[in-house]
Amino acid sequence: RNNFNLRHVGDLAFAGIKDFHVLDLSRSMITYLPTEGLIDIRELVIEETPSLKQFPSVFKFSQIETARLTYKHHCCAFRHPDKQDPAESSLLELTGRTSACAAQNQMITPSTASQPDTSPTFGPTGVFRIRRASRGSILSSTPNSHNDTKWVTCGNFSSPKNYSRVMCTPQPNAFNPCEDLMGYEWLRVFVWFVLLAALGGNLIVIIVLLTARSKLTVPKFLMCNLSFADFLMGLYLLLIASVDVHFLGEYFTHAVSWQNDGGCQVAGFLTVFASELSVFVLTVITMERWYAISQAIHVNKRLRMRQATGLMFFGWIYASSMALLPLFGVSGYGAVSICLPMEARDVWDIVYIISLLIFNGFAFMVISGCYISMFLKVRASENMARSNDATIAKRMAILVLTNFICWAPIAFFGLTASFGHPLIDITNSKILLVFFYPFNSCANPFLYAILTKQFRKDFFILLGRYGFCTDRANKYK
């Protein structure tokens, strides 16, 4: 204990030690725990040892009663030993069945040992009785009517050790349960439809806008940035869904490595950067449309490309900064399996989380305010030149609704969690992750690009250049 210079323990370090019941390796730097000689250990203490990320098979500790460990997910091994080490679990079950069936062939009592065996012969799953006696249990296949006789089936024996009774701390909790990454089976399937929509829709928009021969205007430039951010959100979902499939049924055995060795950090950076950049760009697009409608009679008063580039540069700096802070100790991505910054250990963590929520809430209010203003202006105007702006304003209503659907649940549950009163556990928060969190990433490419006439024109012209839909493409030339 308290030996930070201890980094390696030999495979036979504990072999041959008699009356070895307590082992304390807390606050060390070991990365591997040998189990040779630990079969009689009753208390295992390895607290504050983050370097030990892979816990050995619990079947190696057949006498253990108490375990005080570093990671919550390591205690899941005692709840589900068959998932942590399925090979050893199957072997022990097979050994138990074999021993039971072998014992069935010697089902005699002292009083009948000299009598010939006239009982029927059973197969490997035959039924026999366990009759209690003063000296252990005697197996018998001779019918009797004693009330202390129990029927069992040969072949249903398993390991006698009930590891779920081991007192293990820290206990898995609402934010780090022993479940798979996606939790619900139906959610595991649905997430693939969501991520394919986000990846496919935004990739099409990026390709069409960047390959179109028409001039790159400010709206197209902003839309490219928005689609890129939403595409990254799809990549985040793809990473989460892939890890879920890869570790299906045994996630808790890999949870520590996934959440602390870089995987969660990459996923977390992607999702925070994507969400913040998406919100920022969406706000700029909304304000650009509002300014265009408000200053419709002043043709020269429009957002210039240079100004748009400066705004996007600031947006990228902001999104990158917010995504990098958890990598430098402000909150953190490794607190939960879905790699969102939900850790609130100190004041700075709480300030960070609340700052994210305030920015997104402010952006939503700006978008809503601009939409209301645009709607009132086009409603009061009879100018036919503004008919397209009216269509855009109606589309903005849908965009405001999608923003509300996306961020209202996140903001509400995020605020309650940041103040220490979470109203939802990590299992149900995954529903928010799949249904609400990426909602904008799926809707934006359709509402802002794919459903517009200009995009359809650029799309079919692009297909026509490669020999597809030539008739339709010629109509737009």
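Including glycine, each Cβ sits where the backbone N, Cα and C put it.
Remember, TrEMBL labels are computer predictions, not curated facts.
According to TrEMBL, the protein carries these features:
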TRANSMEM  186-210  transmembrane segment
DOMAIN    201-448  domain 'G-protein coupled receptors family 1 profile'
TRANSMEM  222-247  transmembrane segment
TRANSMEM  267-287  transmembrane segment
TRANSMEM  308-330  transmembrane segment
TRANSMEM  350-376  transmembrane segment
TRANSMEM  397-419  transmembrane segment
TRANSMEM  431-451  transmembrane segment
### Query
Counting only pairs at least 6 apart in sequence, do the transmembrane segment (350-376) and the transmembrane segment (267-287) share 3+ Cβ pairs under 8 Å?
yes
| message | Let me check one thing: do the transmembrane segment (186-210) and the transmembrane segment (267-287) come into contact, meaning three or more Cβ pairs under 8 Å with sequence separation of at least 6? | response | no
Mean pLDDT across the domain 'G-protein coupled receptors family 1 profile' (201-448) comes out at 84
